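Feature list (source: TrEMBL):
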DOMAIN    20-221  domain 'Cytochrome b561'
TRANSMEM  12-36  transmembrane segment
TRANSMEM  56-76  transmembrane segment
TRANSMEM  88-107  transmembrane segment
TRANSMEM  127-149  transmembrane segment
TRANSMEM  161-180  transmembrane segment
TRANSMEM  200-220  transmembrane segment
Amino acid sequence: GMDGAPPPTSPTGLSAYVAVSQLLGLTLLATTGAWLGRYRGGVAWHSPLQFNAHPLCMVLGMVFLQGDALLVYRVFRHEAKRSTKALHALLHGLALVIALVGIIAVFESHRTKGIPDMYSLHSWCGMAAFVLYLLQWLLGCGFFLFPGASFSLRARYKPQHIFFGITLFILSITSCLLGITEMLLFKISDSYSHFVPEGILANTLGVLLVAFGLVVSYVLTREEWKRPPLAEEMALSMDFKTLTEGESPGGGS
């Protein structure tokens with residue numbers, strides 16, 4: 001850049017929305033921990049409390065970390081594309097690993113207690129979200145992270161990648177809402193209708209999940225907050241344009 005030019009700043013409002021998203025995300029984790037700790041006996045792996053690792057891992061991985069992985073292109077708008085991309089992939093990968101631990105927890109807990117697997121709407125939506133999320137991650141790595149993919153393939157796949165990124169994030173939150181409802185009906189079906197504290201806390205967790213999803217989705221879809229292409233990206237796409245239109249990069253047809 002030019003000497004003495006001011007460093008590029010974030011658009012007005014973006015930083016505030018991102019800050020609110022992080023506040024909501026941390027409140028989500030604290031509320032999940034409070035529910036499990038206060039009313040469900042806490043979390044332990046080799047014990048009857050193994051199941052409780054499931055909601056904690058799913059909220060941490062499939063909601064908080066997934067949401068933050070989606071936000072990196074807005075937060076690090078002026079960093080190198082390559083490092084931003086690596087962080088995006090890394091956070092999603094971490095979310096997948098944590099979610100896998102959460103899935104193992106519920107299957108092992110069911111096996112120990114003799115409960116059947118995969119019969120509920122929550123389990124169907126949740127497993128669909130996880131499997132599609134894994135697939136999306138593998139495709140994303142294949143197309144965007146490894147240098148083999150051509151520009152034309154990247155350009156064609158990118159709109160799908162963005163669409164499914166946002167919709168899988170929404171499906172993950174939806175699965176959490178179904179899971180909370182299922183747990184409340186299993187554990188406190190008699191008292192839930194009397195507005196007991198556990199019911200109100202779990203409902204609050206659901207509202208926080210929706211709020212986190214709304215704020216992240218707003219930041220992602222606001223046109224002027226999208227990452228501005230860097231000079232070298234512009235140059236690449238210009239070269240790509242001349243190549244695909246059958247001209248030599250030198251300009252002569």
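We count from 1, first residue shown onward.
Keep in mind that glycine also has a Cβ here, set from the backbone N, Cα and C atoms.
Just going by CB pairs under 8 A, the stretch in 56-76, 88-107, 200-220 that sits most against the transmembrane segment (127-149) is 88-107. Distant neighbours of the transmembrane segment (200-220): 14, 17-18, 20-21, 24-25, 27-28, 31-32, 34-35, 38-39, 59, 63-64, 67, 70-71, 74, 166, 169-170, 173, 176-177, 180-181, 183-184; these residues of the same chain sit at least 6 beyond its ends, with a Cβ under 8 Å from one of its Cβ atoms.
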